[in-house]
Structures are given as C-alpha cells and as structure tokens.
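Engineer: Please find one structure pasted underneath; my questions will follow.
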Amino acid sequence: MFSKTDVLLFFSLFYLLNANSAKLDIVRQFKILKGYPLDSQLNFTELATEYGYTAEEHVVTTEDGYILTIFRIVRGRNCQGPLRKPPVLLMHGLFMSSDLWMDSGPGAGLAYLISDECYDLWAGNVRGNYYSKRHTNLNPNTIEFWNFTVQEMGRYDVPAMIDYITNYTSSETINYVGYSQGGCIYLVMCSEQQSYCEKVEVAILIAPGSRLTYTKSIPFRVLTDIYEISAPFLIEIGIYQALPWGGIVQQLASFICKDNETADTTCRDVLDKLDSPHPDSIETETIRVLFGHFPAGTSIKSMLWYNQALNVDDFQKFDYGPVINAEVYNSTTPPSYNLSATTNPTVVISGRNDFLSVPPDNEWLVNQLPNVIEHVVVEDPLWNHFDVPWSKLTSKDILPKITDYLYRYSKPGRG
Ligand SMILES: *[C@@H]1O[C@H](CO)[C@@H](O)[C@H](O)[C@H]1NC(C)=O
Ligand SMILES: *[C@@H]1O[C@H](CO)[C@@H](O)[C@H](O)[C@H]1NC(C)=O
Ligand SMILES: *[C@@H]1O[C@H](CO)[C@@H](O)[C@H](O)[C@H]1NC(C)=O
Ligand SMILES: *[C@@H]1O[C@H](CO)[C@@H](O)[C@H](O)[C@H]1NC(C)=O
Ligand SMILES: *[C@@H]1O[C@H](CO)[C@@H](O)[C@H](O)[C@H]1NC(C)=O
Ligand SMILES: *[C@@H]1O[C@H](CO)[C@@H](O)[C@H](O)[C@H]1NC(C)=O
C-alpha cells in the first residue's frame, strides 16, 4: 500500500516535527506540498480566518496554575442581527481540542454553525491537550503536571474559563454546550463547585460521559485496559501522557489518512470500530482533516479513571486504592459525584447508535439529574458518537435543538 519513499518521508517528518518548533512551519509547508489537506495543518484561528470568520485567542490561568488557550469567534460570517447574550462555551471531548468543531468545515462544524446563529462563541481547551500544556510553575515533562483526571478539569478548568469569559464580556452568566467528556466535566464542576453551575443559564450535554458502565466500544475498553496494565511501566520510563498530538499515533494516522482512498476505507473503519458505522454521515474530506487534530492528548491518569469508569456501576471519583482513598477522601472507597448538585436547567442530547455514550447510561444519568428539561434522542436511528463533531448532518440532526434551547435561555444584545 505504501512505498519505501512513503515510509522514509513519514519518519523524516516525524523526526522533524519533534526536533524544533522553529522548523514547524517549514515542515507544515512541506506536508501540504506532499498532499496533507491544508485544514489538517491549521490551528483554530487559521481555520476561522480561512473561512471568513474572525477568531481571537485568549489565555486563561486556572487556580492550580495550568495555562489554557481558548478561542472565540466573535461574530459568525452569516450572523446578520445583534449578538445574543450570554456567551456560549463549547467544550470538546476526550483526546480532542477546540479544533474538532472546525474539522467538518463551515457547513457542519458546530463552532461555525452556532456563531452563525449570532451567539458569542467560545471554544474551550482542557489541560493536557496541545493548546493547554503549560503551567505557571510545573514543568510539563514531570509527573506532577500530568497528575489529573476529569476531576481537575471540572474542578479547575471549566470554572477558570467561566470566570474569564464572564469577566471579559461583562456578562454574569454563560451557556454551556459540552460534548462527551465536555459534558462529564460540567457534571464534575456542579458536584465540586456548585456556585459555578449557577452561572450557567442552560447546559446542553451532548452524548455526555458520566457513568460508562455499558459502553459498547471494544477498542476503547481495550485501550484503557492497555493503559491500566502498562501504566506502572510507562511512568517508570517517564511517559505520563496518553496519545499526545505530535506523537507517533497521531502522526501516523494523519500521514495515512491524508490519502482520499485510505481515508475512505482504513481510516473510516477505525472510526466505525471505535464507535459504530453510520453510512453517508462523515465526509471523507473530514476524515482526511480530523487526524491532523486528533488524538490531541491527555494524561495517563485520566486513562486510568476511564478504565475504572468502564468497570463500575457508578459515576465516581478516581480510585487510589483503599489506603490512599482513606487519606484523600476519608473513605476507603471513592465517593460518587453528586449529580443532585446539577440543579440548573439541563438538556441531554443522545444518539441510539452511540457505542461510547450508550442509551442505558444516558437514561441513568437523566434519572439522576434533578432538572432535565428535555432528553432529546436524535431521530436518526444511526446517529452515533463521532457524528456530533464530524457528521455532515449536524445542521439538520442536532443544531435545531441546540439553538432552540440557547435561544430560550438568552436575550438579544445591543448589537
Ligand atoms: C495559530 O496560528 C497563528 C498563525 O500562524 C499563530 O500566530 C498563532 O500563534 C497560532 N495559535 C496558537 C494558539 O498556536
Ligand atoms: C497527585 O494528586 C493527588 C491528589 O490530588 C496527591 O495525593 C498526590 O500526591 C499527587 N501525586 C503526584 C505525583 O503529584
Ligand atoms: C477582567 O477583565 C479586565 C479587562 O477586561 C482585566 O483587566 C482583569 O484583569 C480581568 N480580571 C480577571 C480576574 O480576570
Ligand atoms: C475521493 O474518493 C472518492 C471515492 O472513494 C471519489 O469519489 C472522489 O472523487 C475522490 N476525490 C478526490 C479528490 O480524489
Ligand atoms: C471521616 O469519616 C468518619 C466516619 O465516616 C467521620 O466520623 C469523620 O468525622 C470524618 N473526618 C473528616 C475529617 O471528615
Ligand atoms: C448534593 O448536592 C445537593 C444540592 O446542592 C445537596 O443538597 C446535597 O447535600 C449534596 N449531597 C452530598 C452527598 O453532598
């Protein structure tokens, strides 16, 4: 399938990419010349600019010192009237970054579509992905930096973004749209920092992660098992992150999937096996692009939390084992997250063919939450997990419900 030249090219690019960030732009030009789709090589701001949107970059520092880069599209290209208030914070899932909302282009990417509906759109990035790998005093090559799970993302990252956005826009509240882990960390925030939850007028949780007991994706289960088994060894040799951007998995995926035909066969199969098949939903061009931004990296500790979540019948905190649990939690078993604390209006959107955030777990979640105004089950019976960011059908299948609730929980601004 690939010639010797291809293999050589890949390893030279891989070497160069890891060599020196000053060479990055040259490598990028060369890659585009070699058939990588342009969009796969662009960051959030560049993508927005390419399609006629104006993006801003903002730097947010969390209470525990992590430095996160978040983005804003001030006004959608197709937004005619005044912007509505409050601002909307859109949050990505596991192994992803803000760029996933742009991978499928302006006709389908939710960042574009929501800003086209005249919302002040902010796209977050949690600690550990390629936009958020800095800290005020910890070195990102140390285990202390990578000592986090969804607990810290919900406890520190989301509150810091809410503080920043409300201060910057002089708005008292925001609206929140969280996908997968982006939904999970919202629930963690409400459990751990309820006062922040009250700053959200409506939270729209799409294919949320909480309890993961019935997740059907075998590859995801196997991946977390591999991390569970190999974590002591990896940590011993100084590897603390899982599937980083620029790492061998992302580089190889991006290299292989740049080809139209391979993207449509091998790469599509990988996505179908991680989740489930949905013919005619994700365009081949989107697959060519998305592996330029995915996987975006997280901590190995976070993988261990997922492994735990897949094997218990609960949505609970990290299990350190009975001895350390007793010190950290004053209880030998890890406490459950308090879902009763998500008291503000919540909308859950889920898909029947989603193999990661599956119907029984979503029904369980909806029954635990005290203020679900609607549980929307997407009409299309084949709607799955990866459709949320990448399907060409988002504007028809999920956008109307999202904008319906954003509209109800916002007010016209002054222009
Ligand atoms: C995105 O790309 C632009 C243009 O190359 C660059 O100026 C900017 O620093 C990049 N943003 C981030 C967060 O890397
Ligand atoms: C990681 O964090 C936990 C609790 O937040 C703490 O008990 C532990 O000492 C930390 N470990 C490292 C290596 O920093
Ligand atoms: C709030 O925003 C102003 C300017 O918009 C800035 O000077 C100030 O430092 C911000 N405060 C916080 C706590 O972020
Ligand atoms: C990509 O492949 C599809 C079939 O798999 C084909 O219809 C299309 O024309 C190809 N596009 C390009 C740009 O080669
Ligand atoms: C720890 O738990 C015990 C019993 O469950 C309780 O009596 C005690 O007050 C707790 N200590 C703290 C510091 O919360
Ligand atoms: C959970 O949150 C609710 C609402 O804030 C509160 O009333 C309840 O006491 C909390 N439960 C626990 C176990 O902390």
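All positions are counted from 1 along the displayed chain.
Glycine residues also receive a Cβ, built from the backbone N, Cα and C atoms like all the rest.
TrEMBL entries are annotated by machine, without manual review.
Sharing the features that TrEMBL gives for it:
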type: SIGNAL; residues: 1-21; note: signal peptide
type: DOMAIN; residues: 45-102; note: domain 'Partial AB-hydrolase lipase'
type: ACT_SITE; residues: Ser180; note: active site, nucleophile
type: ACT_SITE; residues: Asp354; note: active site, charge relay system
type: ACT_SITE; residues: His385; note: active site, charge relay system
Engineer: What's the CA-CA gap between Asp354 (active site, charge relay system) and His385 (active site, charge relay system) in angstrom, rounded?
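Structural biologist: Approximately 5 Å lies between the Cα of Asp354 (active site, charge relay system) and that of His385 (active site, charge relay system).
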Engineer: Other than its own, how many Cβ atoms are within 10 Å of the Cβ belonging to His385 (active site, charge relay system)?
Structural biologist: 29
Engineer: Tell me, what is the mean pLDDT of the domain 'Partial AB-hydrolase lipase' (45-102)?
Structural biologist: 97
Engineer: Among Ser180, Asp354, His385, which active-site residues lie by ligand 2, judged by Cβ under 6 Å to any atom?
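Structural biologist: If the test is a Cβ under 6 Å from any atom of ligand 2, the answer is none.
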Engineer: What residues, ordered by sequence, lie under 8 A Cβ-to-Cβ from the residue listed as 'active site, nucleophile' and sit at least six positions away in the same chain?
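Structural biologist: Counting only residues 6 or more apart in sequence, the Cβ neighbours of the residue listed as 'active site, nucleophile' under 8 Å are His92, Gly93, Leu94, Ile206, Ala207, Pro208, Gly209, Leu356, Ser357, His385, Val388.
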